[in-house]
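Novice: Below you'll find the structure I mean.
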Amino acid sequence: MADQQLGVLKALDVAKTQLYHFTAIIIAGMGFFTDAYDLFCVSLVTKLLGRLYYFNPLSEKPGSLPPHVAAAVNGVALCGTLAGQLFFGWLGDKLGRKKVYGITLIMMIVCSVASGLSFGSKAKGVMTTLCFFRFWLGFGIGGDYPLSATIMSEYANKKTRGAFIAAVFAMQGVGILAGGFVALAVSSIFDKKFPSPTYAVNRALSTPPQADYIWRIIVMFGALPAALTYYWRMKMPETARYTALVAKNVKQATQDMSKVLQVELEVEERAEDIVQDPRLNYGLLSKEFAKRHGLPLLGCTSTWFLLDIAFYSQNLFQKDIFSAIGWIPKAATMNGIHEVFMIARAQTLIALCSTVPGYWFTVAFIDIMGRFAIQLMGFFMMTVFMFAIAFPYDHWIKPDNRIGFVVMYSLTFFFANFGPNATTFIVPAEIFPARLRSTCHGISAATGKAGAIVGAFGFLYAAQPQDNTKTDAGYPPGIGVKNSLIMLGVINFVGMLFTFLVPEPKGKSLEELSGETEAEK
């Protein structure tokens with residue numbers, strides 16, 4: 001085979017790490033920061049929404065969202081994200097990464113702000129508007145997944161591409177932390193300004209009316225970092241790989257990258273022939289695509305699907321764990337504002353101890369160990385820790401053993417992030433041809449989100465106790481937390497097996513991985 005990589009793309013592959021790489025990480029990373037902030041911040045305020053809008057003065061416990069409302073508030077954004085990943089993934093290959101990148105950001109800014117505003121002050125009006133705008137917020141966030149990954153992989157050099165894409169993804173951890181810090185700050189200020197009694201002392205006064213501003217401020221704050229990066233997103237040139245290989249304008253790509261790399265690049269004589277080669281124009285549904293990329297696509301979609309089932313079901317066990325360790329006292333012993341503070345504190349501590357370090361371990365080791373090894377190790381360790389929590393579950397929930405419980409729980413999610421949570425995001429942006437790269441990443445990510453919906457809702461019902469009298473209000477009996485954890489362990493093990501379908505992109509150029517440098521058969 002003759003090596004037919006374009007000079008401009010070769011220049012990008014061997015470029016030294018320089019300022020524009022870090023600019024690209026920050027621009028793409030801020031999108032991801034906003035994504036994570038917006039998706040995860042709602043879990044900090046659902047308890048407060050229950051107290052404000054579903055208050056029942058006769059109840060021993062503070063108001064809480066009915067199961068179908070809780071499912072809608074938490075789930076619509078995931079459904080929107082799934083739709084957005086498919087739609088904007090496809091659009092990113094049709095119109096170009098840069099054009100679509102601006103649209104997703106505007107959607108995120110507008111819907112972040114709008115979800116903090118609501119029509120009317122009754123529960124129905126507030127929840128309906130919140131859900132409506134969170135769906136469209138999710139739709140915009142969905143577009144950010146394939147576009148951020150594709151843009152970063154197409155800008156990066158061969159040697160450190162894994163670390164660069166992982167660094168964009170790691171901003172998710174920073175976003176989760178920011179959500180915690182904003183909630184801590186806002187609830188502290190309101191707690192000082194509007195002191196109120198606990199629910200047990202005075203039910204009506206335990207949630208002051210001003211608390212309604214707390215969740216709105218927390219939800220709307222997500223628009224700020226996105227708005228700050230809009231200007232820079234619009235100034236970024238289109239990626240050279242899109243311009244040359246998809247738009248087939250090698251001259252423009254060479255000019256753009258000459259500016260970015262700050263070196264003189266020449267357009268080769270044979271450049272036009274390379275990009276016009278008809279054998280490299282097969283479509284997504286062609287036999288040629290199935291032959292070349294069918295199994296890798298199956299590997300990417302299945303591993304992301306299985307991982308997200310486990311990753312998103314973590315929230316189910318959080319409340320048991322926090323209550324078991326005593327991090328969150330019983331709801332009736334707190335007022336509404338203080339409860340937001342305690343939940344935010346607990347989630348921020350877990351993020352600091354396990355979630356965030358995992359992301360940065362991936363950044364540090366991915367170009368040394370490779371994607372395959374990290375993903376295999378992550379799935380294996382998650383399986384081990386899930387089983388280690390599940391089988392002696394009754395032992396872990398005794399008060400004396402709760403430190404061990406937290407350690408095991410934290411390690412499970414450390415290895416999710418230093419493992420498949422990061423690699424499933426990185427690999428689809430590297431192994432497919434440029435004209436289908438964003439689409440295939442979108443398909444993989446959307447399959448992952450389908451897994452997230454199964455994890456967040458399927459297991460919400462599955463984890464309910466088998467005893468009718470002990471289930472949460474409004475839920476039918478399930479298989480219990482212990483059996484749910486055993487199922488999740490099995491799911492992680494299956495994810496480990498599907499990892500063998502995913503190729504190793506470490507150290508290879510994108511064109512070599514996708515077969516776009518092949519001219520002669």
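Think of each number as a place in line: the chain as shown, counted from 1.
Just so it is clear, glycine is given a Cβ too, placed from its N, Cα and C backbone atoms.
Owing to the predicted nature of the structure, the values given are computational and were not obtained by experimental measurement.
In case it's useful when we look at the structure, here is the feature table from TrEMBL:
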DOMAIN    24-507  domain 'Major facilitator superfamily (MFS) profile'
TRANSMEM  20-45  transmembrane segment
TRANSMEM  65-88  transmembrane segment
TRANSMEM  100-119  transmembrane segment
TRANSMEM  163-190  transmembrane segment
TRANSMEM  213-232  transmembrane segment
TRANSMEM  348-366  transmembrane segment
TRANSMEM  372-391  transmembrane segment
TRANSMEM  403-422  transmembrane segment
TRANSMEM  442-463  transmembrane segment
TRANSMEM  484-502  transmembrane segment
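So that I understand the layout, could you describe where these features sit and how close they are to other parts?
Specialist: Here the transmembrane segment (65-88) has Cβ contacts under 8 Å with residues 38-39, 42-43, 46, 49-50, 53-54, 100, 103-104, 127, 130-132, 134-147, 312, 438, 442-443, 445-446, 449-450, 452-453, 456-457, 460, 472-475 of the same chain, all six or more residues outside its ends.
Listed by sequence, the residues of this chain that lie at least six past the ends of the transmembrane segment (100-119) yet keep a Cβ under 8 A from its Cβ atoms are 31, 34-35, 38, 84, 88, 91-92, 125-126, 128-130, 133-134, 136-137, 139-141, 143-144, 147, 151, 215-217, 219-220, 222-223, 226-227, 229-230, 233-234, 236.
Nonlocal intrachain contacts for the transmembrane segment (348-366), taken as residues 6+ away from its ends with a CB within less than 8 angstroms of a stretch CB, comprise 162-163, 166-167, 169-170, 172-174, 176-177, 180-181, 184, 318, 327, 374, 409-411, 413-419, 421-423, 426, 506.
Long-range contacts of the transmembrane segment (372-391) within the same chain: residues 303, 307, 310, 362, 365-366, 405, 408-409, 411-412, 415-416, 418-424, 427, 482-483, 485-486, 488-489, 492-493, 495-496, 499, 502-504, each at least 6 residues beyond the stretch ends and with a Cβ under 8 Å from a Cβ of the stretch.
Tertiary proximity for the transmembrane segment (403-422) is limited to same-chain residues at least six positions away from its ends with a CB under 8 Å from its CB atoms, namely 166, 169-170, 173, 303-304, 307, 310-311, 314, 317, 321, 324-325, 350, 353-359, 361-362, 365-366, 374-375, 377-379, 381-382, 385-386, 388-389, 396-397, 495, 499.
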Novice: Six or more residues out from either end of the transmembrane segment (163-190), which same-chain residues have a Cβ under 8 Å from its Cβ atoms?
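Specialist: Same-chain residues near the transmembrane segment (163-190) but 6 or more away: 21, 24-25, 28-30, 32-37, 40-41, 44-45, 148-149, 152-153, 155-156, 210-211, 213-214, 217-218, 221, 225, 337-338, 340-341, 343-345, 347-348, 351-352, 355-356, 358-360, 362-364, 366-367, 417, 422, 425-426, 429-430.
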Novice: What mean pLDDT does the predicted model reach across the domain 'Major facilitator superfamily (MFS) profile' (24-507)?
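Specialist: Looking only at the domain 'Major facilitator superfamily (MFS) profile' (24-507), pLDDT averages out to 89.
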